[in-house]
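Below is one structure, written out as structure tokens; the observations come after it.
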Amino acid sequence: NECIRKWLSCVDRKNDCCEGLECYKRRHSFEVCVPIPGFCLVKWKQCDGRERDCCAGLECWKRSGNKSSVCAPIT
């Protein structure tokens, strides 16, 4: 079962948000996965669709082929 990405609904799947996200009930709306304040993706963590979530000094690096992008040191 794939994790739920940022801003997508997590109704009935509160524990399935991707790493660094939590299920949050918005006022007058349904529950969505939102970033946990102060959280960032560490080196070599997958960052597909989360380019801005890498920790300081890292950037989301698109690997060749069909491999997923990862947070890598800024060169």
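Cβ coordinates come from backbone N, Cα and C, glycine included.
Swiss-Prot names the disulfide partner of Cys3 among Cys18, Cys23 as Cys18.
The disulfide bond recorded by Swiss-Prot for Cys47 reaches one of Cys33, Cys55, Cys60; that cysteine is Cys60. The disulfide entry in Swiss-Prot for Cys10 points, among Cys23, Cys40, to Cys23. For the region '2 X approximate repeats with cysteine pattern C-C-CC-C-C' (3-71), the DSSP-based tally of helix, strand and coil residues reads 3 helix, 22 strand, 44 coil.
Same-chain residues lying 6+ beyond the ends of the repeat 'Domain 2' (40-71) with a Cβ under 8 Å from its Cβ atoms: 5-6, 18-20.
In terms of C-alpha distance, the listed disulfide-bonded residues Cys3, Cys18, Cys23 place Cys18 closest to Cys71 (disulfide bond). The Cα of Cys23 (disulfide bond) lies closest to that of Cys33, out of the disulfide-bonded residues Cys17, Cys33, Cys40.
Using a 10 Å Cα-Cα cut-off from Cys10 (disulfide bond), the disulfide-bonded residues that qualify among Cys17, Cys33, Cys40 are Cys17, Cys33.
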